[in-house]
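Going by TrEMBL, these are the annotated features:
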type	residues	note
ACT_SITE	H297	active site, proton acceptor
DOMAIN	61-131	domain 'O-methyltransferase dimerisation'
DOMAIN	165-368	domain 'O-methyltransferase C-terminal'
Amino acid sequence: MPLQMDRIIALTEQLSQGVKTLNLEDDKTRARLLEAAWSLARALETPRETLLRTCLLDSTTNTVIKVAFDLKLFQQLDEKQAKGTAELAEETGAEEALLSRLLKHLASTGFIGEAGPDLYIANDLAQILATENVQDGFEIHLATLRVLPEYLAEHGYRDPTDGLDCPMQKAFNTKLHSFEYIKRDPKLARGFKAAVLDQAGLRRAHWAEPEFYPVQERLLAGLKKDSVVMVDVGGGMGLDLRLLADLADTRLILQDTEQVLSGTNELPARIEKMPYDFFQRQPVEGARAYYFHRVFHDWTDEKCREILLALKPAMTRGYSKVLIQDNVIPAQGATWLHTTSDLLMLCGFAGKERTEKNFRELFDSVGMRVTGIWTRAPGEESIIEAIVPE
């Protein structure tokens, strides 16, 4: 198959022009250039090279990273002082001949730095991989993805619809729901928490910033006196409420389990903590907004309907809003960030990332209506706004 010369030329020109005015603090522009660079690399690849990369390189690299975790190899590397293979073999307990092969692969793929013949150093990526939380999160995903082909074959290649019967249960040989199982395993709990916090860090723009969701226009304008402006349902550490606390001098409520809330510290004074299970009737009535960040993608459509039906009686028709911050997969041109997250949700929870059509159908099924969707940049999360019509 001939290379796509017109596309290669267009992408090269796009990158050339973009780099001239690139501001690394402008994450939206940087993300567009990164996507263009990936598109250029794919356009330059032959089909054979693409197959080698996806079928051989990616699977080999993931396996070698897992072995490196087991050896605590990344912890042994130093960011300033290069270490030789022999020294690292002594520190990890691996045979030098074997370790040499693993190190060369990690260096060739950019996961560690190469300072000279058989000399290695911790680059930025290796330093991240040296943290326990990241390693634990990696292992959750690796374990569930490994059993996915067998799981799908056993279930007739049907979409999982039961959070108690998905690849997670098969991978860890448990009948518990993923959340319950993770909670009981300190290592998995660390990994899950790290993944949640890392996702928060990946989204550079806060949902309440004007370039993302128009808070002043959609929430604060028309706010009723003494009304709670927002209830963050399943809000974890309260990260999403903090900016809003600076924007509005009004009541904000953080809801999560008692266990999660007990670990929240140094919240702004106007953020109230309230233990709550979102499958039970919502106790805060008439709030301006009920916000769910990365909650719905963890659950099947049936469970999402239960969450919305538990919320609906508390909402004031035409005034209260449901705000969901999740990925919205476009009908065409989905990014790999979206599709990867979708498959991880399938494996871990029988959940999914939804399309706009999926969200509209979900809200319609419980007598609500989507009133807007906001997305800051391709590949990032969106805000889906819905109401109970008057």
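Using the three backbone atoms N, Cα and C, a Cβ is placed for every residue, glycine included.
Bear in mind that TrEMBL entries carry predicted annotations, made automatically and left uncurated.
The shown structure was predicted, so the numbers you read here are calculated from the model rather than taken from an experiment.
DSSP places the residues of the domain 'O-methyltransferase dimerisation' (61-131) in helix, strand and coil in these numbers: 42 helix, 9 strand, 20 coil.
The Cβ neighbour count for H297 (active site, proton acceptor), using a 10 Å radius and every protein chain shown, is 21.
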